[in-house]
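Colleague: If you look up TrEMBL, you'll see 22-92 marked as domain 'NXPE C-terminal'. What TrEMBL records for 253-734 is domain 'Cas1p 10 TM acyl transferase'. As annotated by TrEMBL, transmembrane segment applies to 269-291, 355-375, 395-416, 446-466, 473-495, 507-526, 561-579, 599-617, 659-680, 692-711, 731-750.
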Amino acid sequence: FKGVDTCEYLLSSGRFLGEKVWQPHSCMMHKYKNSEAKNCLIDKHVAFLGDSRIRQLFYSFIKLINPQVKEEGNKHGNIPFEDKSASIKVDFLWYPEVNGSMRQRIKSWTESSVAKPHIIVAGAATWSIKIHNGSNEALSQYKINITSIAPLLEKLAKSSDVYWVLQDPVYEDILSESRKMITNEKIDAYNEAAVRILNSSSRNSKAKVKVFSVSKLIAQETIMQSADGLHLPESSRDTNAMILMNVYCNKIMKPIDGSCCQPQPPLTLIQKLAFCFFTLSIVGYLIINVIHRNNFRKSKSCTDLESGEERKPAISSLNVSTLEMLLHSFCKLGLIMTYFYLCDRANLFMKENKFYTHSSFFIPIVYILVLGVFYTENTKETKVLNREQTDEWKGWMQLVILIYHISGASTFLPVYMHIRVLVAAYLFQTGYGHFSYFWIKGDFGVYRVCQVLFRLNFLVVVLCIVMDRPYQFYYFVPLVTVWFMIIYATLAIWPQIVQKTANGNCLWHFGLLLKLICLLTCIYFLSYSQGAFEKIFSFWPLSKCFELNGNVYEWWFRWKLDRYVVFHGMLFAFIYLALQKRQMISEGKGDPLFSNRVSNVLLFISIVSFLIYSVWASSCKNKTECNELHPSVSVVQILAFILIRNIPGYVRSVYSSFFAWFGKISLELFICQYHIWLAADTKGILVLIPGYPMFNVLVSTFIFVCVAHEISQITNDLAQIVVPKDNSTLLKRLLCIAGFFSGLLLFSAMQDQSRH
């Protein structure tokens, strides 16, 4: 940690990812849209002073505001641009040399009576080299002129953003005869003079002229693509314009994926209270631990003189052990949350943009599949979708999703569509698992509901507090939580139809099917009635949970994307359990699920269906159209996979313990990746070890997996304490939890008011 402002890194260093994606050193660059650029520069005046290279930068800059602009006008004259809708004024002023004319223009802006530009971008040198045939006298005069201009620029820098653009290298082999004297050696000499003279008299960091030297690095990689050897190709100058936009606008717009030039966000009131709570938990645990150690030492020396046996110390009552366990869990959680905060809220660790290549996605996929097959073991039971198999399924899906996120594979549509099926498969398991439990057990008690809700939401609630993010930001947890409540409501509402009652009369099965049809009708209605959906979830306090950026559209989009798959999971569970009850399937070890003929036919249909879906997903041309079809067709590949995995007896009798281990902590892995594996709320990659990408991924992955596993254990421990089986105690805990969330809503309202 060097403590250097990331703006300096953005302006001076970086590298190319691939051929066109520029990666600044240590931070992430946001790609500004036209609307964002206008919002940032509203009522602003920007001035570009210089030669034809600065004119190129001027055109790339204004195209970020209005892409329709054409490069017209007098090449050796001033060029104005104005966007009246946002009151933005951008001027190019033709000053090809650093001379008296440029000095006079800059001096006029320093006078108090004249309106100063908010942003000034200046630079020139190649014309001086050309006109004076690269003479040393011209370089000496350049030094004199820039020395006279430097104090004026520094004076302007007190109230405006002033950038001096260093000269890019040239491609000497293709320069025209009239430009042969412009050599890289001469350009380096002029740049060295500018860097040495600018800011030499300024001691105030706020009054410094910002040296735009990153353009040199970009040009070194791309100048060979230049048409004339002097001017940069369009992609390079567009990158320079985007860097300039990031330097000025990131601190104003605060984009999530633009960490360059963004100050560390101040701690909110809720974050401060959380910090105090975790600190007290750590102190409390240490005090209790010291007391217990002292008591243990005293009691250890006390022996029973008659029997000669050591007495067991009777110091740990149930209440003390529960309190110690509670404090121990919060102590560990506090340390883990500190790591979360340092990774993704403090400017301590570096962050980088994602860059997708086929190899960065598919090679790790092959690697983990080989590992998974290597750890093959026999299952304890051979039922369809038994516990080991579902853990394995969740495990390998989670690993694939993690690789998808860190490699930035969402830009490749075929991969995106297959990952959407994996997310749908998680929700399918939600429908299958919860329906099976309620149908077989018939347990609709409050304890079961509270246990599930606590395990699903505990980590996310803590992260919302510590990381200052809305609940809907971690979209998958709200999704599975709401679907769990829908499943519960569907089966718990009168008449409660469970397997035990349905076995006595087949009509109950039709009653349950009627319930499922009503559920499907409601889903269909809400998916095509955005207004009704938004009204339901816009009521306070539901709106506090499901709003993102001031509306519930994102929540509606996420819910709609996989709207039918939970219903499909419930229906599959009902049909499977009915067939199992009537002994129409064979689940013995090594036995095919059906008769040989039926099994072979179903297996063939499943493989063909699986491949057809993959071909369709791979041929997708438009994400919007494919997303529209996805809710209806994703179940095809899910069912095909289940049948392929379960019809052959041998395949059903084995599982991968490697994948199953990850499956047990899949929820924690999915949530933790947001902040301690990825960065900038999943938009970038966390860099713990700069300069060694593979080693960095290994180290950050090891810490990430260990933390996810530890949080899973903490959640299980706290679930036993916070959600007891005794109903009267549970009711008291629920009242405490209600009070906690009421306080959270109150503090959140206070925070929102102070922000506004």
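Placed from the backbone N, Cα and C atoms, the Cβ positions cover glycine too.
Keep in mind it's a predicted model, so treat the numbers as computed, not measured.
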Colleague: Give me the mean pLDDT over the domain 'Cas1p 10 TM acyl transferase' (253-734), rounded to a whole number.
Modeller: 92
Colleague: Using a cut-off of under 8 Å between C-beta atoms, tell me which stretch among 355-375, 446-466, 507-526, 659-680 contacts the transmembrane segment (269-291) the most.
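Modeller: Highest pair count goes to 446-466.
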Colleague: Quick check for me: are there 3+ Cβ pairs below 8 Å between the transmembrane segment (659-680) and the transmembrane segment (446-466), leaving out pairs under 6 residues apart?
Modeller: yes
Colleague: Helix, strand, coil: count each for the residues of the domain 'NXPE C-terminal' (22-92), based on DSSP.
Modeller: 22 helix, 19 strand, 30 coil
